[in-house]
Amino acid sequence: MDSGGADKGTTAAWMAAHRGMYERATRHPFTVSIRDGTVDLAAFKRWLGQDYMFVREFVAFLASVLLKCCKQSDSSDMEIILGGLASLSDELSWFKKEAAKWSVDLAGISPLTSNTEYCRFLQSFNDPEISYTVAITTFWIIETVYQDSFAFCIQDGHKTPLELLGTCQRWGSPEFKQYCQSLQRIADRCLANATSDAVKSAEEAFLRVLELEIGFWDMSSSQS
Ligand SMILES: Cc1ncc(CO)c(N)n1
């Protein structure tokens with residue numbers, strides 16, 4: 001596929017080529033309603049419980065990315081991925097605290113359809129046949145959808161309810177943005193050295209994540 005410009009990385013070219021999909025994932029009515037202050041709190045609580053389950057599965061996914069990284073001849077990305085795993089430990093504690101604040105019973109939750117579908121996708125990365133390039137690109141876009149979605153909720157002109165600001169800052173902070181940018185640099189470097197088949201698979205995974213993220217927000221806002 002056309003890289004879309006010599007100095008632009010592959011990932012930026014995909015974001016431009018699939019702008020519509022990217023915006024449906026990062027400007028979803030659910031997160032936009034947080035920013036507008038019109039969010040349905042029942043939907044927010046549903047998202048919270050479902051995302052806690054998702055993040056537990058995301059830990060296993062990230063462990064599989066780390067394993068693929070360690071098998072590379074150059075494993076210098078290891079620290080970044082390990083840092084990501086460590087922050088997921090904090091994140092799980094945060095979810096428990098937040099769930100208590102909103103009286104969401106995490107023990108009593110079962111995954112809804114879109115969450116199950118997303119978790120199954122994450123589990124598919126256990127397959128050693130899936131390359132590090134595809135895995136790290138997938139990791140980057142999963143984090144970036146949250147970064148972009150929640151950063152919008154704390155940008156100029158927001159009316160985000162005070163009690164939701166902590167959630168938005170978790171993923172919308174400048175630090176999290178920098179972290180996503182370092183993942184993007186890793187992904188672009190891997191993609192620049194990958195075979196065209198691997199680049200094609202990574203682009204498919206990128207699009208699949210956008211689809212799954214849209215499904216996850218839909219599920220949170222409409223209980224499907
Ligand atoms: C569904 C979903 N996507 C991305 C993230 C980012 O960590 C998350 N917590 N949940």
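Cβ coordinates come from backbone N, Cα and C, glycine included.
Bear in mind that TrEMBL entries carry predicted annotations, made automatically and left uncurated.
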Would you identify which residue of Glu91, Glu203, Glu204, Glu211 TrEMBL lists as part of the substrate site it also attributes to Asp51, Glu143?
-> Glu91
Going through the binding-site residues Asp51, Glu91, Glu143 in sequence order, which have a CB under 6 Å from an atom of ligand 1?
-> Asp51, Glu143
What three-state class does DSSP give Glu143 (substrate binding site)?
-> helix
Count, for each of the recorded positions Glu91, Glu213, the other C-beta atoms lying within 10 angstroms of its own C-beta, and report the residue with the smallest count.
-> Glu91
For the substrate site as recorded (Asp51, Glu91, Glu143), determine the largest distance between any two Cα atoms, in Å, rounded to the nearest integer.
-> 13
Glu91 (substrate binding site) falls, by DSSP collapsed to helix, strand or coil, into helix
